[in-house]
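Before any comments, here is the structure.
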Amino acid sequence: MYSLLFKLILTRLDPERAHHLAFAWIRRAARTRVLRTFLTAAFAPRSRYEALRTEAFGRTMHGPFGLAAGFDKNAIGIDGLTMMGFDHVEIGTVTAEPQPGNPQPRLFRLVKDRALVNRMGFNNEGSAAVAARLAARDAALGKKRSRTTVGVNIGKTKLTPESEAVADYVTSTERLAAHADYLVVNVSSPNTAGLRDLQAVGHLRPLLTAVREAADRAVTDRRVPLLVKIAPDLADEDIDAVADLAVELGLDGIIATNTTISRDGLSTDSATVEAIGAGGLSGAPLKARSLAVLRRLYARVGDRITLVGAGGVETAGDVWERILAGATLVQGYSAFIYQGPFWCSAIHRGLAERLKDSPYDTLAEAVGAGTRKAATR
Ligand SMILES: Cc1cc2nc3c(=O)[nH]c(=O)nc-3n(C[C@H](O)[C@H](O)[C@H](O)COP(=O)(O)O)c2cc1C
């Protein structure tokens, strides 16, 4: 049904327009209580999969699977996305100041590759507006706040010079940390000039230290978990260097990975790919590299740091593979566009089956088990 809708209607619409349209439907449905209850039961049957409960960042989560950053940049649809079955929703990237992002068109489908290319450029309403929206949501939910895990992903404002990048992230942290179940320092999007240079340890150390201190100043009644999100294009030695730094600084997590600037191995013809131009590639072609980065990280940090797998995740089998490779949580984005509203529930169902057929009683036992088995073989 969705594949027909996708083929006949959605692929004819500009991808960014299709995104806004679909997201508007999701938000509208979530505002109507009867519809929300009905759709939650259809899309996110959480009570059915008790076994998928998992612990991360000091929280008990309904399951390991969530929505990666970039879908809900301004935190306008967290409850609708929860209704679709995502157990955590990472909002952003939010920058200190509001900004329009790059000129359109800036989002492209590579249907043959089940992939997307985007050069959105952190279009968002800015940290003050997003913080106010999250504060209003927190107030409305009251004690129920803990139901959905909300990650807040922050990045650098385009107009801020690189020499003032730390202050830009600190401003966002001061405004947003109180509303974050976890905070992500994004230094890996390819669409803000110079941003990925911040992954070099010499830049990353002062940045992460300053954000940690700002979060601790802003929120005194709990410790806000801090993560860093890295690119799949890092050289292996640089991945190791980030991993070592994360351990040294006592970071809570690493998200691997963001989109890639590589265009290797695509089925879409090269003229089309070239005509699209610059941007980050996501979806199926990213799968192998993101998994390899995750494996390398797990070999380096083990269970000292919580790893979050992202990049090319399409099926329950992919999620299970990331868990066995060392991910405690797993995120997806592009496959949601290609597979539609029942994507999450299919992932949950498949994951519960895999866990049942495995030698492990809990997901926690399965985290990294693939690498342990390989080591003892
Ligand atoms: C249209 C689009 C916008 C994105 N925007 C962001 C962003 O603002 N911040 C970020 O950290 N990642 C962003 N991402 C990257 C995703 O969060 C994710 O890391 C990446 O797409 C790989 O996952 P996937 O293959 O399941 O899509 C974006 C991805 C897409 C497709």
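From the backbone N, Cα and C atoms, a Cβ is placed for every residue, glycine too.
Predicted, not measured: the structure shown is a model, and the values here were computed from it.
TrEMBL has this to say about the protein:
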DOMAIN    52-355  domain 'Dihydroorotate dehydrogenase catalytic'
BINDING   Ala69, Gly70, Phe71, Asp72, Lys73, Thr93, Asn153, Asn186, Lys229, Thr257, Gly283, Gly312, Tyr333, Ser334  FMN binding site
BINDING   Lys73, Asn118, Arg119, Met120, Gly121, Phe122, Asn186, Asn191, Asn258, Thr259  substrate binding site
ACT_SITE  Ser189  active site, nucleophile
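Proximity note: of the listed recorded positions (Lys73, Ser189, Lys229, Gly283, Tyr333), Ser189 have a CA within 10 Å of the CA of Arg119 (substrate binding site), given in sequence order. For ligand 1, the neighbouring binding-site residues among Gly121, Asn258, Tyr333 are Asn258, Tyr333, by Cβ distance under 6 Å. Shown in sequence order, Gly70, Thr93, Gly101, Ser189, Pro190, Thr192, Gly280 are the same-chain residues outside Lys73, Asn118, Arg119, Met120, Gly121, Phe122, Asn186, Asn191, Asn258, Thr259 whose Cβ sits within 8 Å of the Cβ centre of the substrate site. Put simply, Lys73 is the one of the binding-site residues Lys73, Asn153, Gly283, Tyr333 whose Cα lies nearest to the Cα of Gly121 (substrate binding site). Our reading of the FMN binding annotation (Ala69, Gly70, Phe71, Asp72, Lys73, Thr93, Asn153, Asn186, Lys229, Thr257, Gly283, Gly312, Tyr333, Ser334) yields a largest Cα to Cα distance of 20 angstrom.
Among the residues the record lists as binding substrate, namely Lys73, Asn118, Arg119, Met120, Gly121, Phe122, Asn186, Asn191, Asn258, Thr259, the two farthest apart have Cα atoms separated by 16 Å. Between the binding-site residues Gly121, Gly283, the minimum number of other C-beta atoms within 10 Å of a residue's C-beta occurs at Gly121.
When pLDDT is averaged over the domain 'Dihydroorotate dehydrogenase catalytic' (52-355), the result is 96. Within the set of binding-site residues (Ala69, Asn186, Lys229, Asn258, Tyr333), the lowest number of other Cβ atoms found within 10 Å of a Cβ is recorded at Tyr333.
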